[in-house]
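Before any comments, here is the structure.
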Amino acid sequence: MNSRCALVSKIIPFSCVDGPGSRLALFLQGCNLRCKNCHNPWTMGRCNDCGECVPQCPHQALQIVDGKVVWNAVVCEQCDTCLKRCPQHATPMAQSMSVDEVLSHVRKAVLFIEGITVSGGEATTQLPFVVALFTAIKNDPQLRHLTCLVDSNGMLSETGWEKLLPVCDGAMLDLKAWGSECHQQLTGRDNQQIKRSIYLLAERGKLAELRLLVIPGQVDYLQHIEELAAFIKGLGDVPVRLNAFHAHGVYGEAQSWASATPEDVEPLADALKVRGVSRLIFPALYL
């Protein structure tokens, strides 16, 4: 029995966009960045039971019980009104789940998946749970063949990675901007620790994928292409995924930002290729 718990925003039993192959994707609640372009902004914060969402629910799926916001999954229509109203960028639908409870979901899907990806929010803000979950999977004869990945923003310290890497098969990280000033403008934090995390993971052979998000007029990749290309080449044979920003699902000023087109992505790809970065993955979809 493993009763260690985490606050879980969502479980997708079969995902083909959260790492290689078909995977169970576990989204944890809470993030230590505040990205303007976040497509899951309701996973940033954690519910403080303020109750502001309760009277807004058109299906009466929320109520206050003993001072806590309680969600009724039976009557909920998944209209997401509560997500748009929450001042905390949280969700009343997040549930506390134990390692054993998550493992029960994994076992139901095990015949149809190649692994599990823990995402968020930011997975590593609930690091002890992730370590316990991956350890349990690696120690289970029926589950140990599954690969265990994290989708992370890279803010975890070196000490934290040392705890996670023995039971983690790899991490997928975003480098949202090259310069710290640009990165802080986009996310609220600088990117020095993120760059250190990327280097550490590459050195350990655990950097499954580096991601660059093209946001027209907002990112600085091309302005710093020499440094960026040299940085990526120094990581070794790591796949680099070029993602195209779109405004669907974002809040605030990013709703007015232009979506990225092939004409926005291709100049970056060409500039990287010319400088020896050739293992590129292009967007599967432009919106």
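Placement of Cβ uses the backbone N, Cα and C atoms for every residue, glycine included.
In sequence order, Cys31, Met44, Val250, Tyr251 are the residues of the chain that are 6 or more apart from Cys38 ([4Fe-4S] cluster 1 binding site) and have a CB within less than 8 Å of its CB. Per Swiss-Prot, [4Fe-4S] cluster 1 binding site is recorded for Cys31, Cys35, Cys38, and the stated evidence type is similarity to another entry.
Taken residue by residue with DSSP, His246 (S-adenosyl-L-methionine binding site) is part of neither helix nor strand, so it is coil. Residues annotated as S-adenosyl-L-methionine binding site in Swiss-Prot, with similarity to another entry given as evidence: Asn37, Cys38, His39, Gly121, Asp174, Leu175, Lys176, His246.
Annotation comment: Swiss-Prot describes Cys47, Cys50, Cys53, Cys86 as [4Fe-4S] cluster 2 binding site. Within 10 Å of the C-beta of Cys47 ([4Fe-4S] cluster 2 binding site) there are 20 other C-beta atoms, taking all protein chains into account.
Taken from Swiss-Prot, the feature [4Fe-4S] cluster 3 binding site applies to Cys57, Cys76, Cys79, Cys82. Taking a C-beta cut-off of under 8 angstroms and a sequence separation of 6 or more, Cys79 ([4Fe-4S] cluster 3 binding site) has the following same-chain neighbours: Pro58, His59. Taken residue by residue with DSSP, Cys79 ([4Fe-4S] cluster 3 binding site) is part of neither helix nor strand, so it is coil.
If you look up Swiss-Prot, you'll see 17-284 marked as domain 'Radical SAM core'. As a whole-number mean, the pLDDT of the domain 'Radical SAM core' (17-284) in this prediction is 96.
Look at Swiss-Prot and you will find 38-67 tagged as domain '4Fe-4S ferredoxin-type 1', backed by sequence analysis. Helix first, then strand, then coil: DSSP counts for the domain '4Fe-4S ferredoxin-type 1' (38-67) stand at 6 helix, 4 strand, 20 coil.
Annotation source Swiss-Prot lists domain '4Fe-4S ferredoxin-type 2' at 67-96, citing sequence analysis.
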Message = Using a 10 Å cut-off on Cβ-Cβ distances across all protein chains shown, tell me which of the binding-site residues (His39, Lys176, His246) has the largest neighbour count.
response = Lys176
Task = Fill in the CA-CA distance, Gly121 (S-adenosyl-L-methionine binding site) to Cys57 ([4Fe-4S] cluster 3 binding site), as an integer in Å.
result = 23
Assigned conformation of Asp174 (S-adenosyl-L-methionine binding site) - DSSP reduced to three states = strand
Remark   = Integer Å value for the Cα distance linking Cys76 ([4Fe-4S] cluster 3 binding site) with Cys53 ([4Fe-4S] cluster 2 binding site) is 13
Message = Neighbour count first, Cβ atoms within 10 Å, every protein chain included; then name which of Cys57, Leu175 tops the list of binding-site residues.
response = Leu175
